[in-house]
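Asker: Below you'll find the structure I mean.
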Amino acid sequence: MIKKIILFFAVLIAIVIGQQPLNVVPYPQQVSIGTCVIPVAPGSILIESNIESATFSVSMDRYTNLFFPFSNESEPSSNESFLLSVTIYSDDETLQLGIDESYSLSIEQGSYQLKATNIYGAMRGLETFKQLIVYNELENSYSIVCVSISDSPRYPWRGFMVDSARHYIPKNMILHMIDSLGFSKFNTLHWHMVDAVAFPVESTTYPDLTKGAFSPSATFSHDDIQEVVAYAKTYGIRVIPEFDIPGHAAAWGIGYPELVATCPDYAANVNNIPLDISNPATFTFIQNLFTEIAPLFIDNYFHTGGDELVTGCWLEDPAIANWMTKMGFSTTDAFQYFENNLDVTMKSINRTKITWNDPIDYGVQLNPETLVQVWSSGSDLQGIVNSGYKALVSFAWYLDKQNPDNNIHYEWQDTWQDFYAADPTNNISTNAENIIGGEATMWAEQINQVNWDVRVWPRAIGIAERLWSAQSVNSVSLALPRIGHFTCDLSRRGIQSGPLFPDYCPMQDDLVFTMKPNTKLSKSEIKLILNK
């Protein structure tokens, strides 16, 4: 009883002095603290849902195994169990942009209630519930505070870009990445699959494409891709492929040299080589390839890159230059021609195109339905949303930069504060409603499975909260203790997320950091999840 009273007053004091009383990340929209603290014992919390779902069953099993990282054999065993009752109002498991991720969570003495419209809101609620379970190392005990939470994300698109082209990232490591993203309530994995240096995606239509991979073993099969998509679905994470064209296309030409431009003066930099858009066979190739690849993903969006096109290579290639002259094309016209043809392909495969902002910078008029990902600047973002395009913000969240622009921090991990301060609407005066979210990006020139965790976490936590929590939740000083607590929690879950300030994070004696997911899906589970 004394322990419960002390904890209750600690929470009360936090409220009085203006701190956020719950160590929950991202911070919920509405929180009401109750007047009780409930002791719980390892293994005592059971989850029961009112619907049958193979997808949600994976999530329930996952969190059941995560609730209690430490045993408390020193305390007397108790037969008392606590039932977390999950009520889901719809069995529709469609996972697309704009799904309802809201949930309500009520913890009272003798009653744990989680309610959501669908399984994806329930997944967000399970993560919050996990974070509410507090471990007291001195007492070797667990407790949970009585609380009422009503929560939903600020933005429907909360993405993270993984680059598995510049360094091959094994499938199991990508599944491990999905674990970390799901814990932080990201809901979109933007998979940058192909770039100038490598083409690691297997194609049954064009098998020589993987001649552009780093190694025959450094490739992704159709089965690999579908396992990633199914695993991500168990976290409510959409997976969107990116095939970056027309620039950054050199790897396409290793297996099929007729697809790319020839420009010796530019060839010293592999990033300079674009597709040959004067050859009609190029567009037939793209059409056939994307028709094969798109069904492996369940999302309605398909990212086609479009960044850093070196048009000088087109002008140096005699065949392309002659074609442009014949057509009366400037380089902007040629780029427009390519994007128009790409729109035809997107329509045929029933996908909505995403592109980086570069085509607009070149003067290309994109299809109004195109979603524009802005990596350049806030001023470009303002012009894009003023033109009526829906947009994603990324320019402020380049995690491969250990020292982001205007960094003033001594420790590079403190750059989470810069990411945290970068609200998508900063300096946006009009049409902010066209910003539907954003993405953190981790380009992989110097990143592979060995150092991915430590370069991403805990810095990406600030981005996760910025995209989920209310705009008014923006105090670095209030966020710091919560994020510090969560980074310790991530470490206990097998994510190598380091500290932000001097403290002590108790770890399990047998904790092993692996490049593997915390759950393994069987082939039958993958099929059930993808077909629901």
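Glycine too: its Cβ is placed from the backbone N, Cα and C atoms.
Residues or ranges marked as active site, proton donor in Swiss-Prot (evidence: similarity to another entry): Glu308. The N-linked glycosylation site feature in Swiss-Prot is assigned to Asn72, Asn79, Asn350, Asn427; the stated evidence is sequence analysis. Among the features that Swiss-Prot reports, signal peptide is placed at 1-18, with the record citing sequence analysis.
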Asker: Given Asn350 (N-linked glycosylation site) and Asn427 (N-linked glycosylation site), what distance in Å do their CA atoms have, once rounded to a whole number?
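Answerer: Approximately 35 Å lies between the Cα of Asn350 (N-linked glycosylation site) and that of Asn427 (N-linked glycosylation site).
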Asker: Report the same-chain neighbours of Asn427 (N-linked glycosylation site): residues 6+ apart in sequence with Cβ closer than 8 Å to its Cβ, ordered by sequence.
Answerer: Gly378, Ser379, Gln382
Asker: So how many other Cβ atoms are close to the residue listed as 'active site, proton donor', meaning within 10 Å of its Cβ?
Answerer: 15
Asker: Check Asn427 (N-linked glycosylation site) against DSSP and tell me helix, strand or coil, would you?
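Answerer: DSSP assigns Asn427 (N-linked glycosylation site) to coil.
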Asker: What's the number of neighbouring CB atoms sitting within 10 A of the CB on Asn350 (N-linked glycosylation site)?
Answerer: 10
